[in-house]
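Comments concern the structure below.
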């Protein structure tokens, strides 16, 4: 068993261990890590499976949660699977990692349970005032594999719901964020049904999150995801925000990536930094 979130390690020590050579890539990575080290003292490695973007984002969000997001406070939040199934028959084709081959009609109760679990964990952790205790609660949650993967299924379903809302808003002439056009401009996801079949159903199995899906995750959580993209060091895209025009009042979580595929997390801010 590999830990989902490894213990803290000094950022520059980690960088020296990972990037020893003198190739242009290694030099760029070291520069990137030096820049991150201006703001954060340590790094925690995230287990590298196809869920690492979810794992890194959710861990960071829970680690600093002080309240329940508004969308989690709504009473009909757990009814999401049932409500969507009543409107869109194609959602029956939803795939669960733990239950491959079982169709949504049979699993809507399980997704409801996962959404309730997400609300419960978020509420419990956000109510812990002591930072050390809060960190311990997060570490414990991310050591429980069954619960952890259930939370990712909840996040995926939230992304589907957000995609449907954006798609309908666009069709009804409402203003939608630019990434939403890009999301539905792909041949493989010209509508939410295709997005589910060709992308969301595969996350965690055969693929991770693509760039445009990072925007969707940020919108679903109503969080700004700030990513240090180390291979883009010295360009405008070194620090990328999802969404790039964040809503005021959305909390910010910070991740690190060397290649836009695998994400780790920086911890221990060196000084108070705001966007």
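Yeah, the Cβs are placed from backbone N, Cα and C, and that goes for glycine too.
Because TrEMBL annotations are produced automatically, they should be read as predictions rather than curated entries.
According to TrEMBL, the protein has these features:
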type	residues	note
ACT_SITE	49	active site
ACT_SITE	52	active site, nucleophile
SITE	237	site 'Linear diubiquitin binding'
ACT_SITE	262	active site
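The number of other CB atoms found within 10 A of the CB of residue 49 (active site), across every protein chain shown, is 15. Same-chain residues at least 6 positions away in sequence with a Cβ under 8 Å from that of residue 52 (active site, nucleophile) are, in sequence order, 46, 208, 262, 263.
For the recorded positions listed here (237, 262), the lowest count of other CB atoms within 10 A around the CB belongs to 237. Separation of the C-alpha atoms of residue 49 (active site) and residue 237 (site 'Linear diubiquitin binding'): 25 Å, rounded to the nearest whole number.
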